[in-house]
Amino acid sequence: MKTQIQAIHAREILDSRGNPTVEVDVTLECGAMGRASVPSGASTGAHEAVELRDKDTQRYSGKGVLKAVSNVNTEILESLRGMNAIDQEQIDHLMIKLDGTSDKSRLGGNAILGVSLAVARAAASALNLPLFQYLGGEQAARMPVPMFNILNGGVHANWQGPDFQEFMIAPTGAGSFKEALRWGSEVYHELKAVLKDAGYSTAVGDEGGFAPALKKNSDAIELIIKAIERAGYTPGSQIEIAIDPASSGFYENGLYHLRSEGRKVDAQELINLYSSWVDKYPIAVLEDGLAEDDWSGWKLLNAALGDRIELVGDDLFVTNVERIQRGITENVANAVLIKPNQIGTLTETKAAIEMAYGANWGAMVSHRSGETVDSSIADLTVAMGTGHLKTGAPCRGERVEKYNQFLRIEEDLGSRAFYAGHDAFVR
């Protein structure tokens, strides 16, 4: 079978926020084709791979991606044509070398990732394998706990509600992914009713979660617990809570600005707040509890809570093995958030997950707030057996597409599928 790359074609499409992004088609000599599209974040880490934008204010307010598209259709195509799509690492490393920068700013992380994912899809198609099996082999059968972001704050809610960006539920007590998805959907709809009864807006944010104008951060947790109970489930044993404050967004001059509560706190005071919540509420996961470069604060946070809950670094690590290695050495967390577009290739994404595993850390795959209907992260999650992922609320097509892909994968696996459940998190 001829799995050499014959053609690569990129185009500018729109993401879920109506902003341009890159879609790539890779065609092999055997006729197999793979298509992938690239997401975009709202709260981005300062150390992420560069998303190449045109900065032409006459088009899409400067957010066009025609330069990235052109880079795929010329330079990248010329370099990769004739290469074997099955040689994923070789292809990814060639693109990194071709770019020549540390942050993929010349060709664009969005251009490179689109090609990287489309190559994997084309190779899987040529071999007549589902993507998760192509990436993970026969043993890939662990279904993840879905972390549903059902209540939004921070930048995802235009700072109209809680300071903390995401309040999630994790149905760890379910027996399968299919059951977990149902539980999540039921709680989501109960939360809508709870908010309506309390006189709050039920408009949804970028990731499908509700964005009510709450006065206190803890109100979000109280409302979610009420919704869990109203849906007929037990907080803690059946459904746990996860929080992503995205703290870099409210960190300034060494202090954390809790706008909704009208106060500024230092790292230790914020850690004390988290500790009191972990005592009071069934919280299993805290992501980006402190700012991306507050390394000393993260050490204190891990000392306080690292043996009780999963502490995930997102902006702190940006899926970058050098930063993850520093985190492991300095003992600042116990898990890594994995976003392929933060680093820019499938090979580097897998390396980040493997590094986390090597340190007995957890890895949680994640979407971005500006998504597409590409479901590659669902296949990646099962392929790598990460046991949990977050891809928004059970609402909005670009979020639901990932959840529906897990249903297909679980069905495909049949009796071999097993649900991560309570073992999903490091604690």
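The backbone N, Cα and C atoms fix where each Cβ goes, and this holds for glycine too.
Model, not experiment: these values are computed from the prediction.
Feature annotation from Swiss-Prot assigns active site, proton donor to Glu207; the stated evidence is sequence analysis.
DSSP assigns Lys339 (active site, proton acceptor) to coil in the three-state reduction, outside any helix or strand. Residues or ranges marked as active site, proton acceptor in Swiss-Prot (evidence: sequence analysis): Lys339.
Long-range Cβ contacts of Lys390 ((2R)-2-phosphoglycerate binding site) within its own chain (separation 6+, distance under 8 Å): Pro146, Met147, Phe148, Asn149, Glu166, Met168, Ala242, Asp244, Met364, Val365, Ser366, His367. In the three-state DSSP scheme, Lys390 ((2R)-2-phosphoglycerate binding site) is classed as strand. The annotation (2R)-2-phosphoglycerate binding site is assigned in Swiss-Prot to Gln165, Lys339, Arg368, Ser369, Lys390.
Sequence annotations record features per position, and here Swiss-Prot assigns Mg(2+) binding site to Asp244, Glu287, Asp314 based on sequence analysis. All protein chains shown were included, and the count of other CB atoms within 10 Å of the CB of Glu287 (Mg(2+) binding site) stands at 27.
Using Lys339 (active site, proton acceptor) as the reference Cα, a 10 A cut-off selects Asp314, Arg368 from the recorded positions Gln165, Glu207, Asp314, Arg368, Ser369. The two recorded residues, Arg368 ((2R)-2-phosphoglycerate binding site) and Glu287 (Mg(2+) binding site), show a Cα separation of 14 Å. For Glu287 (Mg(2+) binding site), the nearest of the recorded positions by C-alpha distance turns out to be Gln165; the candidates were Gln165, Glu207, Ser369. Of the chain residues outside the Mg(2+) site list Asp244, Glu287, Asp314, Gln165, Glu166, Pro245, Ala246, Leu286, Asp288, Val312, Gly313, Asp315, Leu337, Ser366 have their Cβ within 8 Å of the site's Cβ mean position. Of all the binding-site residues in the record (Gln165, Asp314, Ser369), the one with the smallest CA separation from Glu207 (active site, proton donor) is Ser369. The CA atom of Gln165 ((2R)-2-phosphoglycerate binding site) is located 13 Å away from the CA atom of Asp314 (Mg(2+) binding site).
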